[in-house]
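S.K.: Residues or ranges marked as substrate binding site by Swiss-Prot: Leu75, Cys76, His77, Met113, Glu114. For Asp128, the entry in Swiss-Prot reads active site, with the evidence type sequence analysis.
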Amino acid sequence: MTEFTHINSNGEANMVDVSNKRETVREARAEAFVSMSAETLAMIVSGEHHKGDVFATARIAGIQAAKRTWELIPLCHPLLLSKVEVKLTALLDTNQVRIESLCKLTGKTGVEMEALTAASVAALTIYDMCKAVQKDMVISNVRLLEKTGGKSGHFKVE
């Protein structure tokens, strides 16, 4: 079994030393879902939400969150991201919004946490903007879809 990289021999949490790692192109994709009523989703899709463009706000929030992941997750490195993309899709058949994020850089450590943070914060932003009309929305299935680059290689959800 692979060992935890953020825990030293004394069991203490530490930031991983990436000084001697080589730079590679690294990319990660993550997703999250927000389930809601058909009425709430229709309000978002039609642009009739009183707070404005929910998708645009969630997209910007997700991008901003990816850039600030190192401030939110204690042992994450500050990264110079070369690309952050957040796509939101209304799934009318299931009354959900699907959020997919992509983060990319050339660096010494991966961008999985940045992609997961982008998707999560975009989902939280949708909840925040819509909670006045529906409080029982559900954020679910936040997960890493794919990552490339680095020593551990390629991972993709089956």
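Cβ coordinates are placed from backbone N, Cα and C, and glycine is handled just like the others.
Note that the structure is a prediction, hence the values are computed from the model and not measured.
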S.K.: Starting from each candidate's C-beta and looking 10 angstroms out, tell me which of the binding-site residues Leu75, Cys76 has the most other C-beta atoms.
M.R.: Cys76
S.K.: What count of other C-beta atoms do you get within 10 angstroms of the C-beta of Glu114 (substrate binding site), across all chains shown?
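M.R.: By my count, 28.
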S.K.: Out of His77, Met113, Asp128, which has the highest number of nearby Cβ atoms, where nearby means within 10 Å of its Cβ, if these are the recorded positions?
M.R.: Met113
S.K.: Quick check: which same-chain residues outside Leu75, Cys76, His77, Met113, Glu114 lie with their CB within 8 A of the centre of the substrate site CB atoms?
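M.R.: The answer, listed by sequence position, is Thr69, Trp70, Ile73, Leu79, Thr109.
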S.K.: Round to the nearest Å and give the CA-to-CA distance linking Met113 (substrate binding site) with the residue listed as 'active site'.
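M.R.: Approximately 22 Å lies between the Cα of Met113 (substrate binding site) and that of the residue listed as 'active site'.
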S.K.: At the Cα level, what's the spacing in Å between Leu75 (substrate binding site) and the residue listed as 'active site', rounded?
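M.R.: About 27 Å separates the two Cα atoms.
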